[in-house]
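For Arg104, Asp141, the entry in Swiss-Prot reads substrate binding site.
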Amino acid sequence: MNSLQDLIEQAFENRQNLSLDTASSDLINAINEVLSGLDNGQFRVAEKINGEWTVHQWLKKAVLLSFKLFPNQIIDAGFCKFYDKIPLKYTDCSNEQFQQSGVRVVPHAMVRRGAYIAKNTVLMPSYVNIGAYIDEGVMVDTWATVGSCAQIGKNVHISGGAGIGGVLEPLQANPTIIEDNCFIGARSEIVEGVIVEKNSVISMGVFLGQSTKIYNRITGEVSYGRIPAGSVVVAGNLPSHDGSHSLYCAVIVKQVDEKTRAKVSINDLLRANQDD
């Protein structure tokens, strides 16, 4: 893998002078190897190592090089045609291959090559971009989007119209990460490398970016960029110091342990905050 990484890194440093005509066959093969590895789950743009998320920027560089070097081509989807640099993941998939994958793909769900979809995942009419990693047992509901390089854990439910932000550039930016057993409510947006830790529930219409204040009503603390494990989060507002206005925030209304999260329904967890 090191030689593959070195080849990608060197080419990216010299990307301004590269074209499809000048790129070596070794480089083209390396880019295709990375895209195939992302597609089958061999590679991940981000992974948890010793309890911390590590981002492999060189994989993002390979994707960006593919955009620069590969020409647009016609993609025949049967009901219409597309014109893009990256083919669709399931265009040539046979019945046997679908059965082996264990994935259900409802008509009009779109997945680009280079996104990994694990078994027991259901894709309603939705969009999954290149470099995304979707683990086992995930539901991606209607009109939801999973952006480039986003990382989705096991047994996550991404509700209708929700958006999980993607990131390829700038290279220093981290992907958005939803850890295991999380629920993302309808029309919510989680973007800009925000991490939602395991067993959390995000209510409908919650917007989370790096500049979004996250208010913990239990402790009174304000944080940014990360939802702690087991949090139940709703949309809210915080007043200004002079009381002249209020600004949007996300509110952690409670935190539950894994056993409670498993036993109590999503609706009960969200309704509980209305009694206070």
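Count begins at 1; order follows the chain as displayed.
Even glycines carry a Cβ here, placed using N, Cα and C.
Listed in sequence order, Thr121, Val122, Leu123 are the same-chain residues at least 6 apart in sequence whose CB falls under 8 Å from the CB of Arg104 (substrate binding site).
Sequence-distant contacts (6 or more apart, same chain, Cβ under 8 Å) of Asp141 (substrate binding site) comprise Met124, Ser126, His157, Ile158, Ser159, Gly160, Gly161, Ala162, Ala186.
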